[in-house]
Amino acid sequence: MAYALQQLINGLTLGAVYGLIAIGYTMVYGIIGMINFAHGDIFMVSAFIAVTAFTLLAAFDITSLPLAITAVLIVAIFFTSAYGWAVERMAYRPLRGSTRLAPLISAIGMSIFLQNMVQLTQGARVKPIPPVIEGGIVLWTTPDFTVQIAWTQILIILVTVVLMVAFTWLITQTSFGRQQRACEQDSTMTALLGINVDRTISLTFMLGAALAAVAGVMVTVYYGVVDFYIGFVAGIKAFTAAVLGGIGSLPGAMLGGLLIGLIESFWAAYLSAEYKDVATFAILILVLMFRPSGLLGRPEVEKV
Amino acid sequence: MSAATLLSVENLTMRFGGLTAIDDLSLSVPAGKITAIIGPNGAGKTTFFNCLTGFYKPTTGSVRLAHPKRGEMRLETMTGHRVARDAQVVRTFQNIRLFPKMTVLENLIVAQHNRLQDASRFSIAGLFSLPGYRKAEVEALKTAVHWLDRLGLTGIADTAAGDLPYGTQRRIEIARALCVDPVLLCLDEPAAGLNPRESAELNTLLLSLCREEGIAILLIEHDMSVVMNVSDHICVLNYGRKIAEGTPLEIRNDPQVIKAYLGEDDESEPATLIGGNA
Amino acid sequence: MSAVIVARHARTPTERFKDAAWVAFVALLLGIPMVGMTTVDQGGALVVTTRFGVLAAFVAASFAGRFAFRWVMDQYRTRRDAKSTTVKVDRTAKVVQVLGWGILGVALFLPAMYSDNRYVVDTATTVLIYVMLGWGLNVVVGLAGLLDLGYVAFYAVGAYTYALLFTHFGWTFWEALPAAGAMAATFGILLGYPILRLRGDYLAIVTLGFGEIIRVILVNWTELSNGPNGIGSIPRPTLFGLPFERNPAEGEQSFATFFGLEFSGMHRIIFLYYLILVLALLTNLFVSRLRKLPVGRAWEALREDEIACKAMGMNVTNVKLSAFAIGAMLGGFAGVFFAARQGFISPESFTFSESAIILAIVVLGGMGSQMGVVLAALVLVLLPELGRNFAEYRMLLFGTAMVLIMVWKPSGLLSSREPTIRLAKASAMGGQK
């Protein structure tokens, strides 16, 4: 029981991170209908930026935790958004209106490029940083197991909740949100109404990248190590989460992320750690077979 | 109306969630004649076609086809491709669905897929070009050439279908459907987007298909110049229900029909309601 | 729609300067965290080191590169506009044919020209493996239009089938080849059946999932696959029973002794090259022939419009499964060859990036184009080879090439489609009306 509770906490933390990345996939898919394959690598870039930023802060002896984390978040969001913007501008925008496969290939190319660029400039080895926040709250002690929620886990869940609220407000209440949703429904009509579709798409990429940046910082804080390969795995999991929740749906992405996180940690804890990725994909396949529009997606009626 | 009944629809109902697109519809389509289904936009005409041709499974009701060779068939129980393959009920689409990158001839050959695929014996006879397959291939080509000639498409047989003008694409779609060797040909707004001359040609074509080849035609159409000139029988739908049925003359004077089209206020003449289904 | 509108007039120097300055600014922004700084391990703790010199060079290079690129593009455009009156005749089909025979000729005589250069023949063999894989995947993606991101799974199934059949039952290459093809095709059908209802992008992600599942199983099911350590000492194929060994077993002949040649390691390399060439050519013949059969036309029709296919009475599921099975089978054949050539296989050879490369070859080549696959495989395998002196830049170049080719030619290098039948020719062959 205690063990299960611990897995629940771990799963929720992991799920929050997947959810943050999944939103980037879902938004981009919603607005231009493509799988932004490089999104996982954008997340990876942000983790590396976070490592550099934390190390720099340590060098300048900035030890105040809230200050350090805020500073790192701002730096990471800034630079990662720039990457998100640049990727869209260079690799996807020229391909708008061409076949459906062309941007996908370009995105895979971008993903390979980013991975190798980071490997070249930052080194192929795993980067460990000293723990940023230590300790946690002991929730429950049984004779053979102690359930603990680490401060980092609280931080991750809190930040995710705050971001989700802010994000929902942004999409549903602001003028940008309306433009964004309008582009999703019909970009040609939106353009005819005098809305700058290119700008809206760019902003969508930057927003997605910003959320991935937060996820990157959180992962760095949580695990304390990053390497250039984390983007691929996390990206695939997050995309799975987006599909699971119903692609195009923001709450769906978050829900999908949480589910994937929970499935993964429970599967690893009770069944087999080696096959946790198999579990994720197997569940994805089952969901798609029986509910192709995902959990919260709108069902599509085949238009004839 | 002396002709035998080819298709009889009984108590057909189709619901999507709370929306009833077709409501307890019964009608019959005579063999060897042209039957038109008309009605305002959203009356459930295309949904009716989708129920006939296996794209939707009707909520309740039955669709019986008296197949001249294979006896009675229940279309509502057959899925997707089986309606076209086994019952030979073939349709076209309101928004043309050709294979745009393939040539016109290829489109017509693909329509004969089942016969050719059987002859190719899991592609093995085909791979080695055995006589049985070669014969089937020549047959298929003959059929295609026949319909190409008949619809005046021979000159563009080797052009990609998607590169051709709209009116021509409509004709290609009909030719392709004819290659399936239909018992009942269902045309969904074949005159939409055609100019008056092309519409007139369509009339001639439909009449000759029906009179000379004996193919029964079921037609959804807004263009009254087509409907009134070719139909033997017209059935009017509104809000998923049949509100009138009869010969063109009867329909033209039916008060129910006039009301359905014009509403209470006079907005437009029925005869000018052409195409443009959203 | 919302495509970028490119100014038609040649830019003034000021405009070009501003444009390049903007690009340099972006380069600076992107460069600061990645190029300008890095963390290095110093006595167990990370320390940030700066490389502002490199960053400055990077920014300057971006500026100069953009400036030069714009200038060249403007020059090109003005010149093209000047002679745009000339009527362009589409000779692609002819050019492709000539190119095809040319490449085939080179391929046939390549080992003769480089009989002492192991590197060249090896690289050519690699290109041919990718060509064969590309032709196999082309059936699924290019012809049938089913987006498959897990093709490498079938390649792995082929390779492991051979490796296991050999280690457990002592099967030779030639015995295992058909078995592995059948095995891969079975996998194709088994994996394909439940998911073929799915729309394009969902199909993509699920196939990606399958690819990963197979890899994870290979890594973890140690009893079957020997896990990450892989399976070694897989025998090389023989030429009608003649092995390519220095010291053949007692009382047996080897290739060298049979033909009275002095033993040379190159014999085997060249033999492997010709073997994959033959396999690839057979694949090409097979697929080209299938394309003109009902099943092939059905694949293309499916790619064009699935609903119309149903309305024509086509059993769409069977058509999709046949594409999946045949694509998988060809991937399986290539896998057997791969295992035999390497003599050693491990799950590491069958990662997602391999699937991505094969898919890239198909799409870059121009969906459905057989010749396009050859060109794309040549470009994608050889281009990074050019940079092999800087081995670490290989994959960087690869990714860049993928993006640039797509941006330059979104529909692929060769995008024109050759009809499977022509009325004039067909009638001449006996289909008189």
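Just so you know, glycine gets a Cβ as well, placed from its N, Cα and C.
In TrEMBL this protein carries:
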- C:20-40: transmembrane segment (TRANSMEM)
- C:52-73: transmembrane segment (TRANSMEM)
- C:94-115: transmembrane segment (TRANSMEM)
- C:127-147: transmembrane segment (TRANSMEM)
- C:152-171: transmembrane segment (TRANSMEM)
- C:177-196: transmembrane segment (TRANSMEM)
- C:203-221: transmembrane segment (TRANSMEM)
- C:269-287: transmembrane segment (TRANSMEM)
- C:321-344: transmembrane segment (TRANSMEM)
- C:356-383: transmembrane segment (TRANSMEM)
- C:390-408: transmembrane segment (TRANSMEM)
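Just going by CB pairs under 8 A, the stretch in C:20-40, C:203-221, C:269-287, C:321-344, C:356-383 that sits most against the transmembrane segment (C:152-171) is C:321-344.
Stretch with the largest number of CB pairs closer than 8 A to the transmembrane segment (C:321-344), among C:20-40, C:94-115, C:127-147, C:203-221, C:390-408: C:127-147. Counting residues 6+ beyond its ends, the transmembrane segment (C:127-147) has Cβ neighbours under 8 Å at 107, 154-155, 196, 200-201, 203-204, 207, 273, 276-277, 279-280, 283-284, 287, 290-291, 296, 299-300, 302-304, 319-320, 323-324, 326-331, 333-334, 337-338, 341, 357-359, 361-363, 365, 367-370, 373-374, 376-378, 380-382 in the same chain.
Within the chain, the transmembrane segment (C:390-408) has long-range Cβ neighbours (under 8 A, six or more residues past its boundaries) at 357, 360, 363-364, 376, 379-380, 383-384.
Recorded stretches compared: C:20-40, C:94-115, C:203-221, C:269-287; the one with the most Cβ pairs under 8 Å to the transmembrane segment (C:356-383) is C:94-115. If you look at the transmembrane segment (C:20-40), the same-chain residues 6 or more away from its ends with a CB under 8 A from one of its CBs are 46-52, 54-55, 58-60, 62-64, 66-67, 70. Ranked by number of Cβ pairs under 8 Å to the transmembrane segment (C:269-287), the listed stretches C:52-73, C:94-115, C:177-196 are led by C:94-115.
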